[in-house]
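J.: Before we start, here is the structure in question, set down as structure tokens.
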């Protein structure tokens, strides 16, 4: 029977989705399930790994049954996942020994501070391209081994396995056939040497993490295992693609040439610039990471993460009650010709790239008696664009490549005002794709390439479709004046920090 589809699992921070794509890269069907967020203490975020599995299984069942999809028509399965989130489980029983510690969680902060105080930042930066931060997986693993009785000894005996969410899903979908991850996820653990392309013994020793726990690292497009027959009505499907969510979006946006950039406007913003075979070391507070591994070689990227983007609109809606629906923000923003000199620096949980300051908090500047709700909302949307420019200016400086366009995805960029203002403040066109599910599409493309469903990246690039192109309209002098005001606001925010 000729395969018609590729299936993607998009396992995110708040929900799991299953999306079926046809050969043209169009969506045939989808299903989604949310799951619980667990907050044991302020600043800690955990998930139940078993509930994540249940949510994934439910989406697969719903998608296939509702669409009456014959599993024999599915060529392959690709997985994309929330990165850095950490699971440790029992090799024999498959049961997790602790909740998954989520990428957002700060519970391993003290371990990070110890590593910094011992002077290990330069080593970690050189080997991994990352900063010492609780964001990444390594200190989360150390925390679990420290806080679950007997875990260190069991790990040393080879009884425990570690994985990011992709590894956890492949292990369970395959019935324990494969304990694997891909280069893009391994590069986010703080344990992987992005130059030698292997787990780094010095970093493992630094945190006393046994190598026996770690998954095998493979290309992002490869047949790792097959699904257990019971998942697809006794029809095993090759699990053939893995990529962390932001790298998958870069692939789904067909950013295959050095210098191409995508920005995902979600709860936060995540920008990746493809840098090809070169691992560019940042001088400006960005992360050097692996984009993907294909055909036995890896390609690299520069990454900048903004902690608060679309969530500022949720704050306007839920916290301040300024709007009833997120979509109302656009209508309010265009009621005024500008923000009236108001700047919002949404450092609610600190500032990410390129500042990396967790000790600052949000601030607002330029308020007058004439400031009203529309100015406030407009300033909140403009803050996303200013933060994006901060990161993209750093990327261009690091890579020595001038930005010619920005490919944008994510829910927030459906806001036409934001898209237009972003193009204005960057001075380059913003391209919004026809298909916004670029993360899942990237995972599908990687899986499809592994089994020959798609033949090449050139074929994939030709399928990329444009919804709308936003050209910059603002005069250069006005653009730079507005951005200078933003820089002043950030400088003042950095000066007013918390202990």
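Placed from the backbone N, Cα and C atoms, the Cβ positions cover glycine too.
Pulled the feature table from Swiss-Prot, pasting it below:
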type    : residues                       : note
BINDING : 13, 83, 84, 135, 245           : sn-glycerol 3-phosphate binding site
BINDING : 13, 14, 15, 267, 310, 314, 411 : ATP binding site
BINDING : 13, 17, 267, 310, 411, 415     : ADP binding site
BINDING : 83, 84, 135, 245, 246          : glycerol binding site
J.: Below 8 Å Cβ to Cβ and six or more residues apart, same chain only. Which residues does that give for residue 84 (sn-glycerol 3-phosphate binding site)?
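T.: Looking at Cβ-Cβ distances below 8 Å from residue 84 (sn-glycerol 3-phosphate binding site), excluding near sequence neighbours, one finds 103, 135, 136, 137, 140, 164, 188, 189.
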J.: Take the mean position of the Cβ atoms of 13, 14, 15, 267, 310, 314, 411, the recorded ATP site. Which other residues of that chain put their Cβ within 8 Å of it?
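T.: Sorted by sequence, the hits are 12, 266, 311.
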J.: Of the binding-site residues listed here (246, 267, 310, 411, 415), which is spatially closest to residue 13 (sn-glycerol 3-phosphate binding site) when Cα positions are compared?
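T.: Nearest candidate: 267.
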J.: Using Cα coordinates, what distance in whole Å links residue 411 (ATP binding site) and residue 83 (sn-glycerol 3-phosphate binding site)?
T.: 19
J.: Could you tally the C-beta atoms, other than its own, that fall within 10 angstroms of the C-beta of residue 13 (sn-glycerol 3-phosphate binding site)?
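T.: Here the count is 19.
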J.: Here are the binding-site residues: 310, 411. Which has the lowest count of other Cβ atoms within 10 Å?
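T.: Among the binding-site residues 310, 411, the sparsest Cβ neighbourhood within 10 Å belongs to 411.
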J.: Near residue 83 (sn-glycerol 3-phosphate binding site), which binding-site residues out of 14, 246, 267, 415 have their CA within 10 Å?
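T.: The binding-site residues close to residue 83 (sn-glycerol 3-phosphate binding site) (Cα within 10 Å), listed in sequence order, are 246.
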J.: Once near-sequence residues are set aside, which residues in the chain of residue 415 (ADP binding site), 6 or more away, have Cβ atoms under 8 Å from its Cβ?
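T.: Listed in sequence order: 327, 329, 330, 381.
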J.: Looking at the binding-site residues 17, 83, which one has the fewest other Cβ atoms within 10 Å of its own Cβ?
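T.: Counting other Cβ atoms within 10 Å of each of the binding-site residues 17, 83, the minimum falls on 17.
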J.: May I ask for the distance between residue 17 (ADP binding site) and residue 245 (sn-glycerol 3-phosphate binding site), taken between their Cα atoms and rounded to an integer number of Å?
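T.: Approximately 12 Å lies between the Cα of residue 17 (ADP binding site) and that of residue 245 (sn-glycerol 3-phosphate binding site).
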J.: Can you give me the Cα-Cα distance between residue 246 (glycerol binding site) and residue 310 (ATP binding site) in Å, rounded to a whole number?
T.: 16
J.: Pop the Cα-Cα gap between residue 314 (ATP binding site) and residue 245 (sn-glycerol 3-phosphate binding site) into the table, whole Å please.
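T.: About 22 Å separate the Cα atoms of these two residues.
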J.: Name the residue among the binding-site residues 15, 246 whose Cβ has the smallest number of other Cβ atoms within 10 Å.
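T.: Selected from the binding-site residues 15, 246 on minimum Cβ neighbours within 10 Å: 15.
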J.: I'd like the number of other C-beta atoms within 10 A of the C-beta of residue 14 (ATP binding site), please.
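T.: Step by step: centre on the Cβ of residue 14 (ATP binding site), count other Cβ atoms within 10 Å, giving 11.
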